[in-house]
């Protein structure tokens with residue numbers, strides 16, 4: 001709203017009073033834009049070197065890893081960077097390290113700064129300015145000091161009243177105005193979906209097996225699961241195979257281990273944690289389970305538990321080097337270590353000339369410890385070393401994309417995620433990370449497509465009802481559709497009354513997208 005000035009000629013005393021009041025109506029209804037200058041500093045030469053050297057013997061084409069430039073304001077469709085910075089890219093749930101809102105899995109769209117607001121929104125903020133009391137005591141407080149029969153007021157009251165009416169007319173919005181293009185009717189739905197946690201049951205204390213399992217009668221379902229995993233089959237089928245193996249032999253350590261890892265990769269956090277805990281109950285020093293469970297706790301912002309697990313991982317993996325002294329009790333071993341102390345131990349191990357395989361494991365853990373300690377460059381160097389040594393490891397590409405995304409280098413992060421997706425097409429987690437990166441970049445159409453892929457991948461082979469499908473993926477899909485103003489697709493999703501129709505609707509929406 002433009003600043004309103006009162007033009008009164010002569011040396012009228014009311015003119016002086018009015019000027020003294022300094023009416024600044026432009027402060028009413030003015031909103032600030034949040035702007036964040038993305039840090040896009042990337043070492044292009046290092047990245048190009050990685051991509052150049054990692055292609056040897058690989059059929060996958062070279063990806064141009066360029067430094068991410070700050071996205072143009074027009075590409076954001078009005079969604080502020082500050083809103084989406086709360087979003088857990090989740091470290092692809094591989095490692096999100098800084099404390100954040102635990103509900104940040106759901107991304108919040110915002111309004112364009114030039115969008116018109118509906119009459120209800122206007123009345124909420126400006127209704128107070130219509131009241132007579134406000135007009136007398138706020139707009140022109142000097143009126144209460146003048147009697148109606150004052151000789152001063154009789155001369156200018158008419159002109160004063162006309163200016164006041166003009167001012168109120170500028171504030172006034174007709175009640176019958178409809179702003180259908182903005183889509184505020186969907187904001188209420190967004191407010192319902194943003195807090196989806198109430199729809200989720202409490203975390204179970206025991207692993208939740210599928211009720212129906214096609215592999216339960218097979219002779220060796222564990223072997224079937226390993227073959228499915230190696231061949232890049234749908235992760236739901238891999239989960240069923242390992243669950244069948246455990247049903248036949250509850251003490252199968254490797255089945256529990258692989259089941260936990262696959263559940264994490266399929267974005268089933270609670271079952272993944274429970275499976276790995278069962279593995280550790282059977283084999284307390286299983287280093288693979290310790291590492292993956294430690295990473296999971298970092299994702300859950302439980303840093304103290306993750307540090308305990310990393311400490312135990314070091315003692316278990318390098319037991320010949322670190323042998324507890326006779327006076328060292330269990331309490332001292334379980335004491336929470338400092339990140340810097342653990343990193344120093346691992347750095348010392350690297351200088352001892354250990355085996356190559358152990359070096360890879362140390363660099364993997366160091367990359368996580370460095371990042372959680374906000375040492376971004378050191379973390380990147382660890383991952384870059386691993387990529388040079390293992391260019392076809394999809395998990396490392398996923399983690400590398402995650403660290404780039406958390407430094408807001410979204411273009412480079414998307415390239416890394418796509419590399420991982422090429423190597424592991426069944427990796428549900430990397431598709432979800434891609435969706436989050438696209439949303440942070442402001443590309444809501446691609447984000448919507450990737451979220452639909454995630455939902456369809458996770459629904460394959462499972463018996464779902466519609467209520468169970470209202471998870472964080474569906475909520476983020478709805479928010480992406482709202483942000484892109486694709487309200488027709490949102491209506492189609494809301495109009496699906498059962499799982500079959502919902503899946504068919506999602507496929508139809510996906511095929512219509514550019």
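Placed from the backbone N, Cα and C atoms, the Cβ positions cover glycine too.
Within the listed segments 91-95, 96-100, 101-105, 106-110, Swiss-Prot records motif 'WxxxF motif' for the stretch 91-95.
Within the same chain, the repeat 'TPR 2' (218-252) packs against the repeat 'TPR 8' (429-461): three or more Cβ pairs sit under 8 Å, each pair at least 6 residues apart. The predicted model assigns the repeat 'TPR 7' (394-427) a mean pLDDT of 93.
DSSP labels the residues of the repeat 'TPR 7' (394-427) in these numbers: 27 helix, 0 strand, 7 coil. Here the repeat 'TPR 6' (360-393) has, by DSSP, the following mix of helix, strand and coil residues: 27 helix, 0 strand, 7 coil.
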